[in-house]
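Participant: Sharing a structure here in structure tokens format.
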Amino acid sequence: MPALACLRRLCRHLSPQAVLFLLFVFCLFSVFVSAYYLYGWNRGLEPSADASESDCGDPPPVAPSRLLPIKPVQAVAPSRTDPLVLVFVESLYSQLGQEVVAILESSRFKYRTEIAPGKGDMPTLTDKGRGRFALIIYENILKYVNLDAWNRELLDKYCVAYGVGIIGFFKANENSLLSAQLKGFPLFLHSNLGLKDCSINPKSPLLYVTRPSEVEKGVLPGEDWTVFQSNHSTYEPVLLAKTRSSESIPHLGADAGLHAALHATVVQDLGLHDGIQRVLFGNNLNFWLHKLVFVDAVAFLTGKRLSLPLDRYILVDIDDIFVGKEGTRMKVEDVKALFDTQNELRTHIPNFTFNLGYSGKFFHTGTDAEDAGDDLLLSYVKEFWWFPHMWSHMQPHLFHNQSVLAEQMALNKKFAVEHGIPTDMGYAVAPHHSGVYPVHVQLYEAWKQVWNIRVTSTEEYPHLKPARYRRGFIHNGIMVLPRQTCGLFTHTIFYNEYPGGSSELDKIINGGELFLTVLLNPISVFMTHLSNYGNDRLGLYTFKHLVRFLHSWTNLRLQTLPPVQLAQKYFQIFSEEKDPLWQDPCEDKRHKDIWSKEKTCDRFPKLLIIGPQKTGTTALYLFLGMHPDLSSNYPSSETFEEIQFFNGHNYHKGIDWYMEFFPIPSNTTSDFYFEKSANYFDSEVAPRRAAALLPKAKVLTILINPADRAYSWYQHQRAHDDPVALKYTFHEVITAGPDASSKLRALQNRCLVPGWYATHIERWLSAFHANQILVLDGKLLRTEPAKVMDTVQKFLGVTSTVDYHKTLAFDPKKGFWCQLLEGGKTKCLGKSKGRKYPEMDLDSRAFLKDYYRDHNIELSKLLYKMGQTLPTWLREDLQNTR
């Protein structure tokens, strides 16, 4: 109050002019203060959901970002999250989303795609206290920024709690505001710019593969770039570029010199603002440096969990040595250039050596100058690695006799010995990759017989395209490596005549497909041809420029190894690829073209009876065999009527072995082959293997009460004198604890686990469509088999039907239905079927009822979802549960 009284007395003594002067000073001071707070940060509109619809409006004042509180960043916690990437895409077919997925797939990183929700449910982020995702990627960062409050808070809390980062892309369009603030962040965007001369911030903590020593001179693709600006310490530029024009970017200042400044096209959020680390891109992945930095961003934000080591192994095969036509082969100067380039490449790749594949029959079949080149090449024989093709460059799948194949190989080996070519490299390549995949058994056997081959390579497994899916496998003791192309083919021999122009080849090398192949694959085996090393020597040009480019822009450590050691290294890294996945050769035209014409896909079965065991599969097998159009497999000497191909060691014998169990069809339209292997049902590998080889097959499974199935299996083992089953009661087996002996636990698992019906059917549904699977009621099959067989025939769609009411008869001695023969006789299953054994004890029945309760509930839900009728035993069980 005294201060207020003093102010009043002062005002009485001031003249009106003095009061106006003081007001003027106060207003001027206010303007300076306001200017500091309003323009210390550039103004901008938030690109919210409505931002694209308006190009006008006054931006709200923004306080200086340095005044915002700094939040601690949760360190990446690998043990608390699964190594899975959650990718939010605009649509399943959006280009950027597909490019993101392609890089993840090429790197063999697991991912899950979701359509980005504007409003709606967020995928479940945790499971039993563990994070389900190690990284979040948004194809459109505005979908993240404009999430509804509930989902945004849910996602942000997850990221903070589990140390999960976010990668986002901002792709401007014609409706984007030229300058705007990202809603909720101290970050400004300036969009629809043309940029040039991109450089890398050497201080960025993000960099791993990327080497920051170069500047990408020239215009960046597109005129829809966005750059980022902030003075908050949480933001660190990663890539920077200049604007193309001399005009300054609005809100960055009026100084004419500012147009030459570098602006961030990729920015890293260190998480100091809200505890979440992010990497934001101001465009899509069309610019090759964005792909490189994206790989580093994935590595950084996952604490290197989703990253490859810096080592890259490269092997360059030169196929068709001596094979080329006149005018396409190497001359003396070309051979010298090959040798000199090899030495040059060794400055960046220790011991780099070209790998030469030869067919000796064509030695000295060129011009005189080219024949001289052949001679000089052989004088350098110790300077290169060598591997054999076929003597006459014939495709191995055309040879059906192994001895003839071996004779061809022996001729090539004789040529090698005569000319001092080493024959112990253990590597061979078949012309056109014939016989490698699909497997031609005779080729593998002849290779081992003549050459002791341990390694080969192909571009055909599992398919030629897309190349990122190519994998390796091991068959018959021979390691098969994936082979890559490099943009060079037999007809690409002149630089100026390269398809699409020479710039296309340079684009492939400098940040394009060839660069990405090395970037995303720890081991690359490249296929080139003799013709690529004559004339303009495009092979030498390609790999010299590729290695220089990799050295300039990346920290990759380029290395090489001889083929056998390289294959061993490959399967150390990708041990999960050792087992092959056999596919239907007729589903891929390229595969069919290099598959023996003596083989036919019509020998493959169209129906699988998958089990489980002790549910009536053998009876169904007998009933199906009574149909004139249905033929079962030939019996196996080891496993009787069951082939057991897809679930065990027989799978590695290959599809030729499998087809031998089925006759060559006399009528491909009506003949319908089937096989029954009851172990398939609960196998973890059988569904995927079966779907790959038999993608159109129908699948039958029979279900009885899982408690009865468990008891039947126990009694089956007792009948076969299993010492564990004879030693322990059924109740002791099913209630055995974790400390029980391994043999007892094994018997327990075989009793109980096949009864997890829903779990196993779900696995089959992940490989086959629901309309390819029919679930049969095992209880009904036992009591009314004719009715069940009518359902089966309808499901199979056979052209002729059998009235099983007239062909089946009940045998009271056996206690089940048998085939009715002429004269009223019956043909029944063997003595091992239909055994009589004591009823299950009540304690075991009660235990199993409780044990299978949740499994049976899940089964009912699954069958309802599949649109299939619930078995009678399941309906009764569920009614008694209520």
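Using N, Cα and C of the backbone, Cβ positions are placed for all residues, glycine too.
These numbers come from a predicted model, not from an experiment.
What Swiss-Prot lists as topological domain 'Cytoplasmic' is 1-17, and the listing cites sequence analysis. Annotation source Swiss-Prot lists region 'Sufficient for localization to Golgi membrane' at 1-169, citing similarity to another entry. Feature annotation from Swiss-Prot assigns transmembrane segment to 18-39. Positions annotated as topological domain 'Lumenal' by Swiss-Prot, on the basis of sequence analysis: 40-882. Look at Swiss-Prot and you will find 40-598 tagged as region 'Heparan sulfate N-deacetylase 1'. Residues annotated as N-linked glycosylation site in Swiss-Prot, with sequence analysis given as evidence: N231, N351, N401, N667. Sequence annotations record features per position, and here Swiss-Prot assigns active site, for sulfotransferase activity to K614 based on similarity to another entry. Annotated disulfide bond per Swiss-Prot: C818-C828, in sequence order, evidence recorded as a curator's inference.
Each of these features: where is it, how hidden is it, and who are its neighbours?
Facilitator: In the structure as shown, the Cβ atom of N231 (N-linked glycosylation site) sits within 10 Å of 13 other Cβ atoms.
Less than 8 angstroms from the CB of N351 (N-linked glycosylation site) sit T560, each of them six or more residues away in the same chain.
Non-local neighbourhood of N401 (N-linked glycosylation site): Q442, each in the same chain, at least six residues away, with C-beta under 8 Å from its C-beta. The secondary structure of N401 (N-linked glycosylation site), as reduced to three states from DSSP, is coil rather than helix or strand.
The number of other CB atoms found within 10 A of the CB of K614 (active site, for sulfotransferase activity), across every protein chain shown, is 22.
There are 8 other CB atoms within 10 A of the CB of N667 (N-linked glycosylation site), with all protein chains counted.
There are 18 other CB atoms within 10 A of the CB of C828 (disulfide bond), with all protein chains counted.
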Participant: May I ask for the distance between N231 (N-linked glycosylation site) and K614 (active site, for sulfotransferase activity), taken between their Cα atoms and rounded to an integer number of Å?
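Facilitator: Per the Cα atoms, N231 (N-linked glycosylation site) and K614 (active site, for sulfotransferase activity) stand 72 Å apart.
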Participant: Between the Cα atoms of C818 (disulfide bond) and N667 (N-linked glycosylation site), what distance do you get, rounded to the nearest Å?
Facilitator: 29
Participant: Hey, how far is C828 (disulfide bond) from K614 (active site, for sulfotransferase activity), Cα to Cα, in Å?
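Facilitator: Here the two Cα atoms lie 17 Å apart.
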